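*Asks:* Dropping a structure here in structure tokens format, bear with me for questions.
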Amino acid sequence: MGLPLVLLLLLPAVLPARCCEPPEGSAGAVRALSARLLGLAGVPERDPDPAVYLALRLAREHHPRLERRYLERLQEAFQHPFGRSLQDHGRWDAEHSMSAAEPPHTGRLALYLLGLRATCPTHRPHRSLVTWLKYYLEEDWTGSRRHGHPLTNYYQYGLGVLALCVHHKRVREEVIRRLLTAQHHGRLGHSGSAVDTEAVVALAFTCLERRRLVGTELAAELRAAAHRASRSMAEAQGPDGIIGNIYSTPWALQVFLATGMCQTEPAFGHAMAALLDNLEAFSTAATMAQVLPVLHGRSYLDIASLHCQEEPDTLTPLDVEALAEGASPGSKTVQLVVECPLPWCYDLKLYDRLVPVPAAASLLDVLQAAAALEPHDFSFHTQDTFQGPFLTEVLGLEARQKKRNYWQLLTAPNISLQMGIADYRPQDKEILILRLSEW
């Protein structure tokens, strides 16, 4: 049951936090991570990622020339699918972009629009980009009539609303209330992904309320919803300071920063310390882009208030791939186990093999090696997400949101991994378990 409107109006207004900085002594490590991300951004073989550009733009130090070059690559990548209006694209493209094989690009287009707002000088997005995003929000919602959730997920849906708000574009109240209803009924996902999604939705609510893009009554509801999300994240914090998992923790900190709770909420300091103690977990461009904004004391809501004239041209890229090539010689052997308990399978253990891999191999490398060694006995599929590849199918068994199950990653005997498959690097003789689990 919601709070009465009179009490909602008495909740403190959401104010931007300007004094929530990382602890003293962390500047060197944060600067090194920014330099590593800048180095990865300069590799031409890597596809441009708008989240990487956002992280570079929200940093305290910059390399303007490399950032401009990365923006040009982004614009080139997005020019083909979104450079013209829906009408100019023709109905064939619009229909095929909604096919079962290719769901709406809601989240990726939202991040690109956020990136355009972070440029110096600011790039006004072509009207067709905003039109495309609004179109995707409506098409995305058609999935709710069949599955009870958007065709993509609430994370991408929330990003879409956030991007429109940062560009000061009004969003229909019905679209906003879809997110309010999902939050109220606990439909935002499981474990770490629920923290990610709830954080993105809370950022969208905070933006809409702060930029006065909604009426007084709805603004009060959004303020209360963002406050509930902040309290929920603080209560979900573990004794190690992590909220959800190590990769969802930066999203929670963005909410504390955006709402100003970083000044009064002890969970903020504990979570920031946990991130600084686990920086080695953020080893890919996607995960670096996820953590760097909060390490610089910023959230995605700060995009609209960047001051170009104050940016120091002092950051030098670090060649990460050259460092990786000279590290970890040799090989290791990992035991890979696949488990599928009832009610999905009758046999608990479906696969149990030793897989030889290079010493520096990640869990993703282990899966690829297993599939190459025994293509008839082992197979898997992943889905690209903003946090890197996400395991969706193993041995033909697909994890489905509507069945409320997912592929849990564990190391023996029963320790859940706090990293993704591209980031976790198992030890020699380690036992890795892929378990179809319910959330």
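Our numbering is plain: 1 for the first residue shown, then up by one each step along the chain.
The backbone N, Cα and C atoms fix where each Cβ goes, glycine too.
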*Asks:* If you follow TrEMBL, the disulfide involving C165 connects it to which of the following: C120, C207?
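*Replies:* Between C165 and the options C120, C207, TrEMBL records the bond with C207.
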*Asks:* Could you measure between N245 (cyanocob(III)alamin binding site) and C207 (disulfide bond) for me? Cα positions, answer in whole angstrom.
*Replies:* 25
*Asks:* Measuring Cα to Cα, tell me the gap between Q156 (cyanocob(III)alamin binding site) and C207 (disulfide bond) in whole angstrom.
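*Replies:* One finds 16 Å between the Cα atoms of these residues.
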*Asks:* Whole-number Å distance between the CA of W407 (cyanocob(III)alamin binding site) and the CA of C207 (disulfide bond)?
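*Replies:* Checking the Cα atoms of W407 (cyanocob(III)alamin binding site) and C207 (disulfide bond) gives a distance of 34 Å.
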*Asks:* For the binding-site residues T152, Q156, N245, which Cβ has the most other Cβ atoms within 10 Å, all shown protein chains included?
*Replies:* Q156
*Asks:* Quick one: give me the count of other CB atoms within 10 A of the CB of C207 (disulfide bond).
*Replies:* 27
*Asks:* Counting across all protein chains present, how many other Cβ atoms fall within 10 Å of the Cβ of Y154 (cyanocob(III)alamin binding site)?
*Replies:* 24
*Asks:* Can you tell which of C165, L409 has the least company, meaning the fewest other C-beta atoms within 10 angstroms of its C-beta, among these recorded positions?
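*Replies:* Minimum Cβ neighbour count within 10 Å, taken over the recorded positions C165, L409, occurs at L409.
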